[in-house]
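Asker: Structure in C-alpha cells, see below.
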Amino acid sequence: MNSTQGSMITTLLIFLLLLLPYGISIDSIASNQTIKDGDVLVSSRKLFALGFFSPRNSGKRYVGVWFNKVPEQTIVWVANRDNPVNDTSGLLAINGDGGLVIYGKDRKVPLWSANVTLWSPNNSMAKLLDTGNFVLLEKGSQRFLWEGFDYPTNTMLPFLKIGLNRRSRLNWFLTSWKSQDDPGTGNFSCRIDPSGFPQLFVYKGQAPWWRGGSWNGHRWSGVPEMTGMVDHYIFKVSFVNNETELSLMDVISDDSIFSRMVINESGILERSIWHEQEHQWIKYFSVPVEQCDYYGKCGPNSNCDPYNAEQFECTCLPGYEPKSPQDWYLSDGSSGCVRKKGVSMCQNGEGFVKVPLVKAPDSSTARVNMSLSLKECEEECFRNCSCMAYSSTDDRLGGIGCVTWHGDLMDTRTFTNVGQDLYVRVDSIDLARHAKKSSGSLSNKRKLAISLTSIIVFFLVISIAYWSIKMRRKDKPRQYQFSFGATIPSIHLDDSPCRTDPDDSRLKTSDLPFFDLSTISAATQNFSDSNRLGEGGFGPVYKGVLSSGREIAV
C-alpha cells in the first residue's frame, strides 16, 4: 500500500468518526462518559429521549425525559426538579462511586445525585429504556441498581407504579409541578393510601382534595371513566395488594400508543392519549371537575348528587338529618349530617337501606374481610351495633368481599350508570318508612308496566287482524259482480236480473243485491260523467236506472 492510499483511508476513517455521533443515537452512558447540555440520549426504539431542557418562560436547565416522537416536547420525568442548573454549563455523569450526578459550573459539588454506592463503581452504566425509565445498572446485568420510575415526578407512564413497597418502604407517588414554568415539587400529590381498605387520593398539601375510592376488582370505584378504557382494552390494569407490595400499574401491549396520567399544578388529575392523526393529546378523563368530585363536599353522613339540576346537591343518607338545618337551607352542606334521635339501633328491629350507584364512603378506617359474601357481610354488620354501613369490596359476580364502616360515612356521591351499592343501617321506624316508599314505588312501576303491556298487546292484535284481512282480500280471485245501494229502499233481490247462485250463502245473508257488469253499464250509460253523483268512501258514485225503471246508486 503506497502513502497516497494510506492517506485516503485515514481521511475516510476520520470522516466516518466525525459522522458517527450524528448517524447513530445512543441510549446509555458508561462510567467514563458524560451528557453535556445539548447532548441527548434516545431509547433503542426511539420512543423516549433524555437531555437538558428549559420549561417555557424559564432559562433554568433541568435533566428530563420526554416523548421522542411527539412534536411538542412533553416532559414525563425530571431528575433535578428542585435543583436546576442556572445556565448551559450542566453535566450529567457517573461519579467515582458509580452513582448518577448532575453538576453545574462547580464540578466538585453536585446539584443532584442518585444516592447509590456500588461495590464495582467502574462497572456501572446508565440507560434510557423504551418505557421512559432511566436506570442505573451493572454492565452485563439486567438488575437495576437505581431507576427513575422509583422517583416519579408529575406523570404516570405505562409500567410506572404508584403505591408502596412494603419491604423497602419506598413510596411511589406523583407530585405536581409548582407551575408550568417550574417543575419543582408542587402542592398537589397523587398517591395510594394503604390504611383501611386502600384508596387512590389526590392531596392538597396533607389534606384530601379528591378521592378515587377503593379498588373494586377492575377499576377505582370513584373513577367510572376507567370502565371504558378497560372495556376497550386500551389498558390492562395491574393492581397488587399483598404482604410485599401495594401498587397500581398500567400495561399497554402496543408501545406505539403514547399514554400519560398527569397531576397538574392546579390539582387536576388527567389521563390522555396522543392522537397521531390530529397531532394532539386526547383527554380521557380529568378529576376533580364538578362540585361533587371534591372531597367531603357535603360533609359527613351525606350523599352528593350532581344530577339534581334544580335542587341542592347534598342529601342526608338514610337515618340521618342535617347537623345545621339553617346552613342546609342556605345550600351549605359542609357541616354534613348526624344520626336522627329516636329508637335504638342495637338489636331492636333495625335493618339496612340500599343506596344504589354511589362511590362508597372513605374506607381509611373501615374494616375489611375478603372472604365474606355480600349476605355474610350483612350478617356481620348486623351483629355489631357499631357498624353503620356495609358494601362489597368487588362489585362483580354479585359482590365479593366485605367492607364495614363503624363511624362517619364520608365523601359519598352518586353516579348515573356505574357505582356500588351501599347499605346503611337505620332504625325500625326509618326501615318501615323506606319499605313503604319502596313498595309504593314498586306498585307504581307495576301499574305502569301493566298499562304499557296492555297497550302494546292491543295494537299488536289490531295489526295482526288488519294484515290478515288485507292478505285475505289480496288472495281472493277477482269477480266482476257489483253491489249497490238503492235510493229507493223497496228494491229487493228479486227485482233485478242478477246472475247469482241461489245456494250462495253469502248472498242469502246479504242485504244488498248483486248485478253483472253489463246490467250496471247499461243502467249508468256506461258510467257516464252526467250520471256521476259524487265521491264516496270507496270511489266515485253513479246514478243508474234499471230496465224496470228503478233508480239505483252504484
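Even glycines carry a Cβ here, placed using N, Cα and C.
According to TrEMBL, the protein has these features:
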- 26-149: domain 'Bulb-type lectin' (DOMAIN)
- 288-326: domain 'EGF-like' (DOMAIN)
- 346-427: domain 'Apple' (DOMAIN)
- 1-25: signal peptide (SIGNAL)
- 448-469: transmembrane segment (TRANSMEM)
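Tell me about the surroundings of these features in the structure.
Answerer: Below 8 angstroms of C-beta separation, residues 202, 207-211, 267-268, 332-340, 345, 353, 355, 358, 408-414, 416, 424-427, 430, 434 of the same chain, each at least six residues beyond the ends of the domain 'EGF-like' (288-326), sit close to that stretch.
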Asker: Averaged over the domain 'EGF-like' (288-326), what pLDDT does the prediction give?
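Answerer: Average per-residue pLDDT within the domain 'EGF-like' (288-326): 94.
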Asker: In the domain 'Bulb-type lectin' (26-149), how many residues does DSSP assign to helix, to strand and to coil?
Answerer: 5 helix, 53 strand, 66 coil
